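Notes to accompany the following structure.
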Ligand code: 13P
Ligand code: SF4
């Protein structure tokens with residue numbers, strides 16, 4: 001009789017460049033069970049680009065950056081959505097699918113940006129800057145979104161800021177994203193002091209050393225990196241924009257200044273590109289595993305709920321963003337459309 005590893009051999013073929021064969025038997029059982037549970041429960045799995053390759057390439061139905069996940073969550077035809085990502089992403093999916101069951105496999109999958117600001121902070125900012133619109137990064141709680149005028153992601157932040165037609169906006173909570181956008185627009189931006197614990201650790205010295213050690217390397221940096229890092233990079237964009245850049249430009253050597261799994265996931269699709277891999281791990285994204293995705297589907301946990309008083313206003317802020325026709329990516333060097341790969 002065939003074992004799970006043999007039965008899932010075709011899936012292993014997709015990821016063999018980034019997962020050693022010795023590790024596959026540890027994944028095969030859970031992958032088979034998850035594929036079966038998805039059918040039984042009419043469930044879809046939405047996975048962020050930072051999920052590990054066995055999740056991203058082997059069980060996910062929809063993958064992408066935060067913007068793509070929010071957009072695709074809106075049209076997901078399923079009774080159950082499992083969010084393989086962090087809590088704010090699961091909340092966004094729930095806001096856009098109030099009738100569906102949204103599950104997050106581990107409630108501890110948080111985010112340093114979401115933790116950096118509260119709804120009360122926003123109310124105080126409104127008092128301090130009356131009439132100045134508040135643009136909130138999706139990396140925030142539903143309570144914070146509910147106090148905001150419109151949301152943005154790293155893929156559309158500039159377009160959102162400029163869509164408001166005002167000379168000054170408050171953009172929070174990511175100070176570096178706000179500064180990186182401010183460098184590209186005439187709109188004056190008032191920032192908050194939140195930082196991504198993964199991207200704040202990259203430095204310009206890292207980039208200089210990479211260029212010295214790997215001549216000709218193309219450096220892509222996420223806009224949650226400090227502005228001095230983005231300034232030294234060849235391109236800056238959301239995770240989807242970075243993946244798209246590699247696909248279009250096919251650099252011989254590339255380094256992605258972002259979370260570690262991103263390189264693995266993009267490398268699977270571009271075997272001809274050499275990936276140099278210094279990276280920082282997001283401990284929150286790494287809370288999600290095949291084992292807890294399986295448990296989420298088996299035990300219907302953890303169900304994401306949002307207070308209806310908050311949900312209505314938070315949904316409006318997300319829907320305003322999604323309603324923008326021109327949600328172009330943050331893209332300093334080459335215009336590109338954010339890619340939703342499925
Ligand atoms: P994007 O995928 O939208 O670029 O966001 C990166 C991120 O840090 C999500 O937590
Ligand atoms: Fe939050 Fe940064 Fe982790 Fe994304 S990578 S979830 S922004 S801590």
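Any Cβ shown, glycine's included, is placed from N, Cα and C.
Copied from TrEMBL, the annotated features are:
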- 48, 66, 137, 138, 139, 154, 222, 223, 224, 239: iminosuccinate binding site (BINDING)
- 111, 196, 282: [4Fe-4S] cluster binding site (BINDING)
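Shown on the structure are the features that TrEMBL records.
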residue	record	Cβ contacts under 8 Å, 6 or more apart
48	iminosuccinate binding site	63, 64, 65, 66, 69, 84, 85, 86, 89, 239, 285
111	[4Fe-4S] cluster binding site	86, 87, 88, 139, 196, 284
137	iminosuccinate binding site	113, 151, 152, 153, 154, 157, 171, 172, 173, 174, 177
222	iminosuccinate binding site	154, 199, 236, 237, 238, 239, 242, 256, 257, 258
224	iminosuccinate binding site	113, 154, 174, 176, 177, 195, 196, 198, 199, 200
282	[4Fe-4S] cluster binding site	50, 86, 197, 198, 259
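A Cβ within 8 Å of the Cβ centre of 111, 196, 282, the residues given for [4Fe-4S] cluster, is found for these other residues of the same chain: 86, 112, 113, 139, 197, 198, 199, 224, 259, 284, 285. Checked against ligand 2, the binding-site residues 196, 222, 282 give 196, 282 in sequence order as having a Cβ less than 6 Å away from one of its atoms. When Cβ atoms from all protein chains are considered, those within 10 Å of residue 139 (iminosuccinate binding site) total 27, not counting its own. The number of other Cβ atoms within 10 Å of the Cβ belonging to residue 196 ([4Fe-4S] cluster binding site), over all protein chains shown, comes to 26. With 48, 66, 137, 138, 139, 154, 222, 223, 224, 239 listed as the residues that bind iminosuccinate, the site has a largest C-alpha separation of 17 Å.
DSSP assigns residue 137 (iminosuccinate binding site) to a strand in the three-state reduction.
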